[in-house]
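What TrEMBL says about this protein:
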- CYS149, HIS151, GLU185, HIS209, HIS407: Mn(2+) binding site (BINDING)
- 233-314: domain 'Peptidase M20 dimerisation' (DOMAIN)
Amino acid sequence: MGILLNESIQQITEQLQNWRRDFHHFAESGWFEFRTATIVADELHRLGYSLKMGKEVIKAEARMGLPSEQALQEQEQRAIKQGALVEWLPHFSGGFTGIVATLDTGKPGSTLAFRVDMDALDLNEDQTHIHRPYAEGFSSCNAHMMHACGHDGHTAIGLGLAHILKKHQSQLTGKIKLIFQPAEEGTRGAKSMVEAGVVDDVDFFIAIHLGLSVPQGELVCGCDNFLATTKIDVTYRGVSAHSGAKPEEGKNALLAAAQAALGLHAIPRHSEGSSRINVGVLQAGIGRNVIPDYALMKIETRGKTNEINEFIYHQTLSIIEGAAKMQSVEYEIKLMGAAQSSLPSPVWVDFIYQQTQKNTPELSSVVKSLQQPAGSEDATYFMERVKANGGQATYLIFGTELSAGHHNERFDFDENVMKTAVKTLATIALHLPDFETT
Ligand SMILES: [Zn+2]
Ligand SMILES: [Zn+2]
């Protein structure tokens, strides 16, 4: 089996790079993954997977941080011009850019799911020769959209894995589900897929990420450091007035926001674990001689556990309300994203650790957990749902050399990580019956 698998991986190595560079060039940020989704759907369909797409796998009301209707329409048109496969587009129209592909081996066994994400970031990519994607002609052609987190690689890995699993179908048992998720950045997309029930039948779950400061060639079998998070936009609305002639008639939204910002950063720490608060954006006011009637704040809270994040979030709500009262202004809070904290299932992590150590010599080292903080991830929604149903879930990280940190305009990775990831994930799928018999 080992040699055959290596041969199959070898055959798709070039294709992995082609996919990755194509997705990188036509980067699409969250809920705009129209072109990417049509290409993914077409490939999986041609391989013989049964597909569920769009509204079948995304619950409309559970989507967070959705762009405006107009922006969605414009981006869909942009995707068509850039080669989106129009026969698939109706499924994804309106920001339903998710796909679940199922391979039913016809043999008894459990259901194993892999999740990859497909979105780029709202970022302008470096367009100078020292940045390899530019030098080699595949940097983003879309302004303010860039794959600076490696999700282009994740999508390519998902497609590569689909090829390998199909090819080795006779050696597999049960069902395999490949989940292609939109809008991970800002933790906006996963919840809508979980609420559509896409992992309700899943016994074993794996989400992946490349990079994250893990050394080249290393595999982390169970990232356990994700912070729970809540992202909100707050709008204050006051009353404008002449600042010289009638300042007493104004109600000052700018001051409410400024007072809230200071209050938010003064929320106490938590004795049971780390917490974060950030006011990342504060925009207010209209002119020098006008009492500001409008302010916008973009805020995020985080916590080591769901409870700690909840604590920070509740404090946040009361400070926002208090600041509004101080200035007699109105306010509105919009939920833009959220993720949970989730610990990987220890026996599942142990199994992956043992199998990969034995069967994946491409990995220079295999470790069970991640030492450094990892930010937040909405794959945790999938993990929590699978675990709540009695299944096993984990989050793998494939280390690779990076040209710059994640979310930087010069981000790039060593593309060899993709075939290592496909080999590792296929190995786990092929050995899953060993887990079931232990
Ligand atoms: Zn990211
Ligand atoms: Zn990412």
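Positions of Cβ are set from backbone N, Cα and C atoms, glycine also.
As the structure is a computational prediction, the values presented were derived from the model and not from experiment.
Known features from TrEMBL, placed on the structure.
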residue	record	Cβ neighbours (10 Å)
CYS149	Mn(2+) binding site	24
HIS151	Mn(2+) binding site	29
GLU185	Mn(2+) binding site	22
HIS209	Mn(2+) binding site	25
HIS407	Mn(2+) binding site	14
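Residue counts for the domain 'Peptidase M20 dimerisation' (233-314) under DSSP, split into helix (H, G, I), strand (E, B) and coil, are 24 helix, 29 strand, 29 coil. In the three-state DSSP assignment, the secondary structure recorded for HIS407 (Mn(2+) binding site) is coil.
The average pLDDT the prediction assigns to the domain 'Peptidase M20 dimerisation' (233-314) is 97. Residues ASP117, ASP119, LEU121, HIS147, ALA148, GLY150, GLU184, HIS406 surround the recorded Mn(2+) site, their Cβ atoms falling within 8 Å of the Cβ centroid of CYS149, HIS151, GLU185, HIS209, HIS407, which are themselves excluded. Among the binding-site residues CYS149, GLU185, HIS209, residues whose Cβ is positioned under 6 Å from ligand 1 are identified as CYS149, GLU185.
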